[in-house]
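Below: one structure, written as structure tokens.
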Ligand SMILES: CC(=O)N[C@H]1[C@@H](OP(=O)(O)OP(=O)(O)OC[C@H]2O[C@@H](n3ccc(=O)[nH]c3=O)[C@H](O)[C@@H]2O)O[C@H](CO)[C@@H](O)[C@@H]1O
Ligand SMILES: C=C(OP(=O)(O)O)C(=O)O
């Protein structure tokens, strides 16, 4: 498996073209299962391992999927099976998002339990509660979850105990073909939910309120393929924004949407980073010293948990002590131990990390324990003295397109031992040597 090698201390400069959002395209691909007529054409689908995996899940169901130059074409007129196998679902939690569409379309779905995970227990009780409220019988056994409904799902009022992104998406997709109206209360409000609702509406669904805490879905008889462009990846953009700040540089995030990044922008401004937004993107400039700030992760529009580790990397080099509180996942501080190997000074007390700033970071051998932790290690390495060697690169490949090439073009001294596309080609040949995901 590949390693990423970084020699820190270089300034960066230039434009970063932000890719389509991983967390938007995955549910959108799953939603394509609902289109019993025509073809769905999904533009700006980023070439990530997660996208390859979910495409394979659809193909394993007998659905036609073509992926070429960031465009995915899905023809789901015929589906051969309602079962998504363990081998694929274990690679990525988001594969579970095919449950709602399959249940709605075929009245039955059998999906392997999504695998264990490093950032928290990540139960799926809220997804199942929603399906049950819509009339599905759920059975668990032999590592699989089976859901069945006689006839169509029935519209229902569903209150989510936690504003889960995945549960909101899964229930919203299932409800599009249900009989009657479904209301999701305490729904997640993330931009990716809005993108999915826009996609479903373009397929013929009737969804209102996406982006607010109450979403109403009027069921329709059938959906058809449509053409859609995926929103830009706010986490990819946020990660490069921190790359600019941590190296005292200036970068322009082309295509990034400021409104999707409000808490990240605000916190970076509080730290003393200059941020300018225009209609095409976001410019980040860091010249002076950075101030410590406290950060608490929350569901959207709060500070995103997917930016917590990267923000922590930046706080390690700020003046003063910062508190980072993780409220979304109960075990998302594994990067702290790796940061400590790089000479950071961080103490964890329950769900809060106390980050002492002004660290003189030093290169070390470290391991990416999950996707964003991996990105945060790259960021810390850019600001470190000496060489950092990062293993666990398969995690990073789940969510960043060519991150080493992009950073090298911006001026970083960074390379990976095996290029991402070669690892993907090997995976495409069928040797899915990507380990089960831990994030
Ligand atoms: C593919 C994708 O979009 N992944 C994102 C999605 O993950 P995902 O959809 O898995 O995250 P959720 O919003 O569901 O999880 C949020 C919290 O709710 C809990 N929970 C969730 C479902 C459930 O049935 N019961 C339950 O208790 C989880 O354990 C977690 O503590 O949102 C997370 C929170 O913004 C992000 O970090 C992930 O990057
Ligand atoms: C946790 C993440 O993704 P996933 O939900 O796919 O594991 C992430 O994108 O940071």
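Indices start at 1 and increase along the chain as displayed.
Glycine is treated like the rest: Cβ placed from N, Cα and C.
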*Per TrEMBL, which one of 137, 306, 349 shares the UDP-N-acetyl-alpha-D-glucosamine site with 93, 122, 123, 124, 125, 126, 328?*
306
*Near the Cβ of residue 23 (phosphoenolpyruvate binding site), how many other Cβ atoms are there if near means within 10 Å?*
26
_Spatial separation of residue 23 (phosphoenolpyruvate binding site) from residue 124 (UDP-N-acetyl-alpha-D-glucosamine binding site) - C-alpha basis, Å_ = 17
*Let me know the largest Cα to Cα distance in Å among the UDP-N-acetyl-alpha-D-glucosamine-binding residues 93, 122, 123, 124, 125, 126, 306, 328, as an integer.*
22
*How many Å separate the Cα atoms of residue 23 (phosphoenolpyruvate binding site) and residue 306 (UDP-N-acetyl-alpha-D-glucosamine binding site)?*
11
*Distance between residue 123 (UDP-N-acetyl-alpha-D-glucosamine binding site) and residue 22 (phosphoenolpyruvate binding site) at the Cα atoms, whole Å?*
21
_Taken over the domain 'Enolpyruvate transferase' (6-407), the model's mean pLDDT_ = 96
*By a simple count of other Cβ atoms within 10 Å, which of 125, 306, the binding-site residues in the record, is least packed?*
125
